[in-house]
Amino acid sequence: MSAALLNPGRWIFALKLFTAAMLAFTIAVHIGLPQPYWSLVTCCVLMNPVSGAMLSKALYRFIGTMCAGAIAVILARIFGSQQILMVGMSGLVATAAFAMGVIDRTPRAYGFQLLGITMLLVVVPAISQPESMFTTALARLTEIGLGIICVTVIDSIVVPRSIGPVMHQKLQVWLPDAQRWLRDVLNNPEQDQDDEHAAISASSDNDRLRMIADMTALSALASQIKYDPLIASRERGLIFAIQQRLLRLVPMISAIESRLAHPDQVHREAVAPMLAEASALLEAGKEPPADFIARMDAAEYDGVTGWRRLVQRNLSGIIADALTVSAELHALENALNNQGNLSPDLETAVDNSRPFPLRPDFHMAARVALAIASTYGILSLIWYFTGWKSVPYAMLFGPVALAFFGSMDEAAAVLTKFSRFALFAFAAGGVLSYILLPMASDYTTFILAMAIYMIPLTLWAFSNPLVILVMVVSLSTINLQGTYAPASFNVYLDSTCANLMGIFVAFFCLRMVRQLGTEHAVRRFIHKARADIYALTWRANSRDRDQYVIRALDSIGALAGRLQAVGAEDESPRLMTRLRVGVNIADLRRAADRSSGALRQALENVLATIRDDLDKDTPSPALLERIDAALSLAVRQHKTDEVLFMRGLVGLRLALFEKSPAWSAQS
């Protein structure tokens, strides 16, 4: 027997789910609910190894079901006598709800998904009886509410598990990794690399991308953390404050790395004492002293070129900013571990900390919504012209499959896998309905039969969440009631065929409306990154810059695993370069808005050329000329101390023209 099967957490999860499900079903039968198996199914869907995830899903499931019931009653009131309109409007509402589920990338999406599912469950099968819509919706809400209560009570009593320790473990990895990244940059400025060092550098780049992916994924867990009863509000604030500063530190480290790349020996020796001091401050978790920037700017040497002087003076401010953020991270980590107090300003920042918003994918939501609407429409026509009584179940099954899996990169492969699981679910449901349950002569033997069926599946579901769908599909298709009253086998087989047809139609419609595959997803992310940069060339304030960094890091996190999947790991450094380019363009746009005269025009020329070059694989020589012209003009007008202006121009030149000859002042 494998060690994974003996994992105590796996058995605790299985026993908690089974206990809650049987308790909910028993109560539902005794109080006379019409479809008691929905209480059981609710427990299967909601139970999660982590309490916060379960409670957030429970809340959103109840809200989604309640809203769907209210909408169903309203539609029945308006279109009750027009069955075709009723079916059409129900499909539109469900499609809109499923689209919102794709747009919202937090656990709140589950509420939208349940709204769509409940609409199709309540309205379509009862289309010929609109007068019963309110009763059906109320019963469904009661059954689901009972399941929520049972699963919450059982989870609260039997070994509740917080996501807090998991988050602490992740932070204990992220914080040292970020500090190590900055320390490596300060202690080992890049030099020309041989193949071995280049391979190590590429590996480090991939590790850093994975770290960014983990940090951005924390926002998707925000609702789980919020509803975790074992995590205090201040602890949540500390976690999100750490996340914000870690993500703020990433572009700073990348900028420092670019400015320290390929230094000459004389320059390396001149700045070495200041870099050593910065490294010592980093290790101690202290902010830089007030004169740090001035002393680093003064670390010049005979024969220093104008370009190297600009880079060095630009570098000192970024290092100081990075050390300040690192010191705040050190203080926040100590506070999280109850090892120190925060300054009043930092305490206020913690109170106001929120997870950064995840970028909605409207394009994907529109494509999935179109596939869902097409699937629903085709199945409705099949129902209308054939009168096949089992098609209403397919009208639920097909759209739901798209709602859960249609936005994935390899959605076709996942739908194919889901169809196999669905076939297995129908077979397992048949075994339960026609073999195990007929053997149950009383309550004890019924519990035993259900245990034989459910516990092996729940043990499997602990490591493969898709197995939960096997239980949900099988338990919701066998008409499980307080007394054994299964449908005839030919009816069960008929509904099985209809449901599989629903998946096939969904697969066909999805292939018709969107491109699939990881390579296409990578191209879409790159296209969106270019669109973001284009927008920054026209408008950028401080908030726009911060929002860009958030979106860019979110995209980098999403691309981290995809690049490896398509064999494009060498693209990793370009992602960080693109991030720096966007930040520098935002700084230039802000600087241009504050400038006037020839300087304003020079910056506008740079931004206009960037817009022209966005669709090119490499930047044009014209862009380099205009950047150099703007730098020369800034030097002549004594603007080199303006942070935004110089940080944007110097950073842009380093990011796009790293191997070009050094800038020299033009007369």
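Any Cβ shown, glycine's included, is placed from N, Cα and C.
Annotated features, as they stand in TrEMBL:
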type	residues	note
TRANSMEM	12-31	transmembrane segment
TRANSMEM	62-79	transmembrane segment
TRANSMEM	85-103	transmembrane segment
TRANSMEM	110-127	transmembrane segment
TRANSMEM	139-159	transmembrane segment
TRANSMEM	364-385	transmembrane segment
TRANSMEM	391-408	transmembrane segment
TRANSMEM	420-437	transmembrane segment
TRANSMEM	491-510	transmembrane segment
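By the Cβ criterion (under 8 Å, sequence separation of 6 or more), the transmembrane segment (62-79) is not in contact with the transmembrane segment (391-408), since fewer than 3 such pairs are found. The stretch from 139-159, 420-437, 491-510 with the most CB pairs below 8 A to the transmembrane segment (12-31) is 139-159. Beyond its flanks by at least six residues, the transmembrane segment (110-127) meets 56-57, 59-61, 63-65, 67-69, 71-72, 75-76, 83, 86-87, 90-91, 93-98, 100-101, 104, 133, 136-137, 140, 392-393, 395-396, 399-400, 403-404 of its own chain at Cβ-Cβ distances under 8 Å. Long-range neighbours of the transmembrane segment (491-510) within the same chain, counting only residues 6 or more positions beyond its ends whose Cβ lies under 8 Å from a Cβ of the stretch, are 368, 371-372, 374-375, 378-379, 388-391, 393-399, 401-402, 406, 411-412, 415-416, 418-419, 422-423, 426, 429-430, 433, 473, 477-478, 516.
When each of 85-103, 364-385, 420-437 is checked for Cβ pairs under 8 Å to the transmembrane segment (391-408), 364-385 comes out on top. When Cβ distances are compared across the two stretches, the transmembrane segment (364-385) makes no contact with the transmembrane segment (420-437), since fewer than 3 pairs at least 6 residues apart fall below 8 angstroms.
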